[in-house]
Amino acid sequence: MSSAQQAPRGRFITLEGIDGAGKSTHLAFIHDWLSRHDVDAVFTREPGGTPLGEQVRALLLAPQTQVSLDAETLLAFASRQQHIADVIEPALSQGRWLVSDRFTDSTYAFQGGGRGVPFERIRALEDWVQRGLQPDLTLLFDLPLEVAAGRMSGTRQLDRFEQEAADFHQRVREAYLKRAAAEPGRFAVLDASRGIADIQVDIAGHLQTLLERG
Ligand code: TMP
């Protein structure tokens, strides 16, 4: 395609929620739904999505990592900057949709709500790194901690965030809900304690709306 006929910009969708909210199951559904509707989409995640980002992810999730609150926040944004430059912006400008398993709302929820990093500091990094880039749709999978904890119980070792106490996860959940209330046009809050089929009916509705937005 010549530069004179640029592709319309793609759509940017993010998935958010406390640990154990069931995002992975719903990502598979979103993948199927978009391919059934002939939408060319890139699936990615944060922290991660680039070679550098995946190294940052390994560091941030490793239970033995010793990191200050500010360094943790800066690492999340370092991974994000690389991700935006190498993956997100190129996909959107080529007209592809991009679905990211977590994005900046995770930093507000985990580092801001969970750890207590001032929201203004996160906002300053967001302004610097994103230059106005925001998701078109954020699906927030919301559910009580007890339900999420039950889903996480298994044989796998819990990562550095999953190992945090219940009050940390409660603050994360509350920070997410506050952000969703402040930006109702971008967020769709889904009651993720319901059965999968019910949740997926809602997800399909939101995807359809985004598809029809033109
Ligand atoms: P997940 O992608 O497997 O859900 O796990 C990623 C973990 O990293 C999750 O516990 C949330 C955490 N996280 C942050 O603390 N800050 C961030 O900015 C991001 C993107 C994730």
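Every residue gets a Cβ built from N, Cα and C, even glycine.
Look at TrEMBL and you will find G17, I18, D19, G20, A21, G22, K23, S24 tagged as ATP binding site. Sequence annotations record features per position, and here TrEMBL assigns domain 'Thymidylate kinase-like' to 15-203.
Only D19 of the binding-site residues listed as I18, D19, G20, A21, G22 bring a Cβ under 6 Å of any atom of ligand 1; the order follows the sequence. When other Cβ atoms within 10 Å of the Cβ of S24 (ATP binding site) are tallied across all protein chains shown, the result is 9.
In three-state terms derived from DSSP, S24 (ATP binding site) belongs to a helical segment. Looking only at the binding-site residues G17, I18, G20, A21, the densest Cβ neighbourhood within 10 Å occurs at I18.
K23 (ATP binding site) counts 19 other C-beta atoms within 10 Å of its own C-beta, drawing on all protein chains shown.
Excluding G17, I18, D19, G20, A21, G22, K23, S24, which define the ATP site, the same chain contributes F141, L143, A148, R151, A192 within 8 Å (Cβ to the Cβ centroid), listed in sequence order.
In sequence order, F141, L143, R151, A192, I196, I199 constitute the residues six or more apart from G22 (ATP binding site) in its chain with CB-CB distances below 8 Å. Mean pLDDT for the domain 'Thymidylate kinase-like' (15-203) in this predicted model: 96. Long-range C-beta contacts of D19 (ATP binding site), restricted to its own chain and to partners at least six residues apart, with a cutoff below 8 Å, comprise A148, M152, F161, E162, H169.
For the recorded site, D19 (ATP binding site), the DSSP three-state label reads coil.
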